[in-house]
Each structure stands twice: as C-alpha cells, then as structure tokens.
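Student: First the structure, then my questions, so here it is.
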Amino acid sequence: MTATAPPRRAPEAGPSSGKSAAGRRLRPRIVERLRQGGLPYLLLLPAVLAELLIHIVPMFFGILISFKNLTLFYIHHWNSAPWAGFDNYKAAVKIHQPIGEALLHSFWVTLSYTLLSVALSWLLGSAAAILLQDKFRGRGLIRTLFLVPYALPAYAALITWTFMFQQDTGLVNHVLHDQLHLTSSKSFWLIGDNSFWAMVIVSVWKSWPFAFLALMAGLQNIPRELYEAAAMDGAGVWQQIRKITMPSLRPVNQVIVLVLFLWTFNDFNTPFVMFGQNPPHQADLISIHIYQSSFINWNFGSGSAMSVLLLLFLLVVTAIYLLVTSRGRSENDV
Amino acid sequence: MSRFTEQPSPMAQPKSFLWTRRVVLTLLLTFVLVPVYVMLSSSLKSLQDVQGSFKWIPHSLTFKPYVDIWKTIPLAHYFVNSVIVCVSATVFSVALAIFAAYGVSRYRFMGRKVFTVTVLSTQMFPGILFLLPLYLIFVNIGNSTGITLNGSRLGLIITYLTFSLPFSIWMLAGYFDSIPRDLDEAAKVDGCGPLGALFRVVVPAAVPGIVAVSVYAFMTAWGEVLFASVMTNESTRTLAVGLREYATQNDVYWNQVMAASIVVSLPVVAGFLLLQRYLVAGLTAGAVK
C-alpha cells in the first residue's frame with residue numbers, strides 16, 4: 001500500500017549533542033529526540049485515541065462481558081453482573097437447544113445469503129467492467145448510472161425495494177402477476193420463503209456497483225500492449241478477455257471478493273429496513289439475530305458471546321481465504 | 001491517481017461481442033434504474049394512486065407529497081440532526097486522517113505497519129460486535145462523569161468519525177505518497193516546521209484526495225442505520241431511523257416515503273455525481289495498488 005516511499009533519515013539529535021558533559025545536556029537532548037522521533041506518534045495520536053475508544057476498547061470489553069451474565073438489571077452497573085464462565089458460549093453452541101438451534105439456523109441463512117450475493121455481485125460487476133472497457137458512445141453516462149445504487153443512502157434504496165415488494169401495491173407483483181401472468185395469485189415477498197430471495201436481490205443491487213468500481217480500476221492497470229500483441233497474434237475479443245483480462249484481474253478479485261464477503265456477512269441494514277426488528281425466520285441474518293437477542297431480549301452477555309463467535313468465524317475464514325488464494329502468486333503481487 | 005483513460009479498441013469487435021454488450025448493459029441498466037424510477041414516479045403520485053395496484057405511468061402528477069412529508073413526521077428536525085452529526089463527523093474524521101496520513105506517509109517509525117494493519121482491519125469487523133459494548137461504555141461514562149454520550153449527537157459524531165477514518169487514512173496516505181517529498185523539504189528550508197510543510201504544501205497539493213475522502217466520510221455517516229437505531233432518542237434521531245416512522249403508521253404513506261427518500265438522498269447523490277471523478281479515482285486507488 002504505502003511501502004514505496006524512500007527510506008527516511010533517522011531522526012538526529014542535533015549537532016551539539018555529543019561533546020559536552022552529559023548531565024546538563026541530557027535533558028534537552030532527550031526532549032529534542034522525543035520531539036523529532038515522537039512527531040509521527042503525535043500525528044497519529046488523535047486517530048489512535050478515536051480508534052481505541054470506538055473499536056479496540058469495546059472489542060475487548062465485548063469479550064469480557066461475553067463471560068458475564070449481563071441483563072437489563074445490571075446495565076447501569078455492569079461490573080456487578082455475575083460471572084457466567086463459558087455459559088453464554090455453551091448456550092450458543094448447543095445446537096439441540098433453542099438458543100443454539102436458532103443461532104445455527106441464522107448462521108446457515110447468513111452463509112447462503114452471503115455466498116449468493118457475493119457471487120452474483122462479482123459476476124455483474126465483472127461483466128459490466130469488461131463490457132465498458134472499450135470506448136463507445138454513451139459509455140460515460142452508463143458508468144455514472146451504474147454507480148447510483150452505490151451513491152444512494154442504503155436505507156432510502158432499501159425502503160424503495162420494500163415498497164416494490166409489497167403484495168398489493170408493489171411493482172414486482174404487478175409485473176409478475178398482472179403483466180406477465182407468471183403467478184396464479186400475488187405472492188408475498190416480505191414474509192415466508194420469498195423473503196430470503198427478496199433480500200438477496202436487494203443485496204446484489206446494492207453491492208455489485210462496488211465490484212464494478214474496483215474492477216474498472218483494475219482494468220486500467222492492464223498494459224494495452226498485451227491486447228495489441230494478442231490481436232496481432234490473431235486472438236479475438238473473447239479470447240483476449242479469457243486469456244488476458246481475467247488472469248490480470250486476479251489480485252483485484254482476491255480483494256473485492258473478501259471485502260464483499262465480510263460486508264455482506266455482517267449486513268444489518270438490509271433485513272432491518274426491509275423487515276424491521278423481527279425479520280421472518282427465513283431471512284434471519286446473524287447481525288439482526290444478535291441485535292435481537294441483545295437489545296430486544298436485553299441479554300448482553302449472550303449477545304456478546306455470539307458476536308465473539310462471529311468474529312472468530314470471520315477471522316478463520318479470512319485467514320484460510322488469504323492462504324488459499326495467495327498460494328502460487330509471486331510475492332510482489334500482494 | 002489515474003483517471004479512467006479512454007481506451008480505443010485494439011481491434012474491430014465481432015458482432016457477437018457487440019450484441020452481448022448491448023443486451024447485458026441494457027439488462028443491467030434496467031435492474032439499476034427501475035427502483036430509481038419507482039422512487040421518482042411514486043413520490044409524485046397521490047395517496048390513492050400508491051394504495052392501489054402499481055402503475056408504471058402515474059394518472060396525474062402532484063407535488064403534495066413533498067409538502068406533506070414535513071408534517072407527517074418531524075422530518076426537518078431529523079434532517080438538522082443528520083446534517084449536524086454527519087458534517088461534524090466528516091470534519092473531524094478528515095482532520096484526524098490528514099494528520100495520521102501525513103505521519104504514515106512521511107515518517108518511518110516503529111509500529112507504523114501495525115498501526116495501518118490494525119486500523120484497516122477494524123473496518124472489517126462486525127459492527128454488532130462493537131455496538132453492544134460501546135452502548136454500555138457510553139451509558140456508564142454518562143453515569144460516572146455526567147457526559148452524555150448515549151442518545152446524544154456527540155456520541156454519534158465520535159462513533160461515525162471512526163467509521164470512515166481507516167479508509168480515509170489509507171487513501172490519503174497513498175495520495176500524500178504521490179506528492180514529491182522535495183516540496184516539503186523546500187518548505188522546511190524556508191523555515192516551516194513539519195506542520196507548516198503539511199498545511200502550506202502537502203494539504204493544498206492533496207485537495208482532490210481530501211475532497212474524495214470528505215465525500216466518502218459524509219456518505220458513510222449519512223447512510224448508517226445500526227448505531228443510529230440504538231444510540232439516538234426522540235430529540236437526536238437521524239434520518240436513517242426517522243424515515244421508518246412513515247412506515248410504522250397504520251396507513252403507510254408510500255408516496256411520502258418515496259418523496260422523503262428522494263429528499264434525503266439528494267445531498268449525497270448530488271455530491272457523489274459532482275465529485276464522481278475524484279471519488280472514483282480515490283476510492284479505487286487503494287484497491288489496485
């Protein structure tokens with residue numbers, strides 16, 4: 001990322017430092033040294049403090065309270081909440097009891113949702129980026145329009161989709177039932193099995209422009225000479241896409257698939273805006289599941305234990321993913 | 001920061017490619033634009049129209065929903081809250097990012113790598129993991145010191161500024177790297193301290209990057225739902241949560257919901273489209289580096 005800068009001179013203590021008796025000179029020298037060597041730390045300090053307060057401390061605090069029996073009763077004096085040991089974790093992983101069973105169900109829903117959404121978003125993003133690689137009339141306009149879902153605030157877009165999925169008044173049923181006559185009656189989209197698919201469609205609509213954006217940038221880095229040479233050798237457009245474009249995009253693909261996976265797996269907005277605090281069973285994504293068990297049932301200990309398990313899962317997946325996808329790539333690729 | 005260069009085709013394209021392009025792009029445009037059309041057209045329909053079966057073409061156009069949205073819920077109040085929270089969060093986030101990015105870009109020091117990796121990875125962690133403890137921390141800070149963070153705008157501002165901070169630092173550090181070091185050295189020779197060099201040389205040269213980061217920070221804050229839903233109360237509620245109130249009434253005023261969605265989207269969409277070139281270049285610079 002930023003490793004390209006030339007090496008910097010080590011901070012110097014000033015010309016006068018070496019010669020005189022140590023005692024009296026020592027203090028100014030240290031101050032001077034601190035001032036020079038400390039400057040980068042000083043520059044970073046505000047950002048570090050903000051990150052500590054909002055991300056790092058809460059994360060460790062979250063791990064701590066996952067071992068506590070923290071209910072609404074203790075919310076104003078959390079440290080007097082009784083210790084629970086591993087009880088919260090045990091409850092979360094006992095898959096034959098209600099809490100564990102619901103969590104496992106939510107996990108599978110989230111995993112299917114994420115895999116489908118990421119795959120489709122990547123597919124659409126790649127297709128659009130590759131098809132817009134060459135100049136033609138209207139290209140700039142199309143590119144701008146494709147970015148609209150990315151620019152819209154998530155909740156505004158989600159509310160619109162919710163309206164489109166309404167049973168009586170929505171566009172989706174109007175097209176499927178009234179215009180195309182594909183369904184025998186107007187189906188429900190926001191409850192039951194359909195709610196899962198409705199959520200996937202909306203998620204793809206929101207995420208694919210990001211893949212498009214990143215891939216478009218990745219395409220800029222492919223040297224034109226490669227295409228010219230291939231064309232001289234008689235390779236057609238399709239062959240060029242297969243033999244040059246796709247392999248060159250590998251590093252970008254590695255990043256965007258991971259980023260999309262993590263975003264989608266942690267997605268809260270989509271179910272929350274579409275279904276409210278009680279999503280249908282088929283659309284019970286893990287973020288909202290944890291939210292519910294924490295803020296609706298007021299059991300922070302249990303909610304935190306689930307969050308920690310979620311974090312561990314994501315860390316393991318990320319590590320495995322990076323190991324597998326980085327294998328066989330030269331080191332300076334990364 | 002390379003803009004998207006226009007690449008003429010290296011060879012004539014076969015019919016199959018041209019047709020694929022036409023068909024795929026048309027389908028994608030339809031997919032992208034239908035919700036936008038629904039939003040726009042429904043916001044101009046009467047309540048009677050949106051409560052019946054959906055019509056592609058409105059019977060008649062009315063601007064009444066745009067007048068009514070301000071009365072049905074205290075939208076103006078939520079709007080002001082959102083503006084205060086998001087503008088403050090953006091200003092602070094960008095300021096902190098400028099300092100941090102300058103440190104990362106211009107100095108080599110112990111912990112530099114750890115800093116960048118840690119900060120970036122926090123962005124990938126589930127928001128729900130921070131939400132519960134942060135809520136408790138805010139509640140308990142309020143109890144012990146009297147500083148209200150939970151339910152206040154201040155708490156939301158501090159929270160939001162960290163959301164865009166990692167990416168902003170990353171992006172700006174990349175931008176600063178592209179500004180020649182000789183410029184700061186020259187400024188230092190002229191008697192500027194390191195901060196003088198930052199503000200007189202580096203910042204002016206990095207305006208496009210700073211603009212891009214600001215837009216990104218603002219968009220991130222403006223669209224946030226999860227933390228806003230927990231950390232605000234009646235008086236500090238932001239648009240992200242407030243808009244739901246149209247939909248929780250007995251009668252859902254879909255035309256007003258759509259009109260309000262357009263009104264709250266306008267600032268960010270307009271900003272995004274105006275500054276698109278900077279933003280696209282900036283946002284993607286990291287992904288390909």
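Yeah, the Cβs are placed from backbone N, Cα and C, and that goes for glycine too.
Just so you know, TrEMBL annotations are computer predictions that nobody has curated.
Summarising the annotation, TrEMBL assigns domain 'ABC transmembrane type-1' to A:107-321. Positions annotated as region 'Disordered' by TrEMBL: A:1-24. The transmembrane segment annotation in TrEMBL covers A:39-65, A:111-132, A:144-164, A:196-219, A:248-265, A:304-324.
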Student: Which sequence positions outside the transmembrane segment (A:111-132), separated from its termini by at least 6 residues, show Cβ-Cβ distances below 8 Å to it?
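Tutor: Non-local partners: 139, 142-143, 146, 196, 199-200, 203-204, 207-216, 218-219, 241, 245, 249, 253, 256-257, 260-261, 264-265, 267, 283, 285.
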Student: Given a Cβ distance threshold of under 8 angstroms, which distant residues of the chain, six or more beyond its ends, lie next to the transmembrane segment (A:196-219)?
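Tutor: Beyond its ends, the transmembrane segment (A:196-219) has Cβ neighbours at 109, 112-113, 116-118, 120-122, 124-126, 128-130, 132-133, 143, 146-150, 154, 157-158, 161, 165, 189-190, 245, 248-249, 251-253, 255-256, 259-260, 263-264, 267, 270-271, 274, 282-283, 285.
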Student: Are there residues at least 6 beyond the ends of the transmembrane segment (A:39-65) whose Cβ is under 8 Å from a Cβ of it, and what are they?
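Tutor: Distant Cβ neighbours of the transmembrane segment (A:39-65) are 78, 81, 300-301, 304, 307-308.
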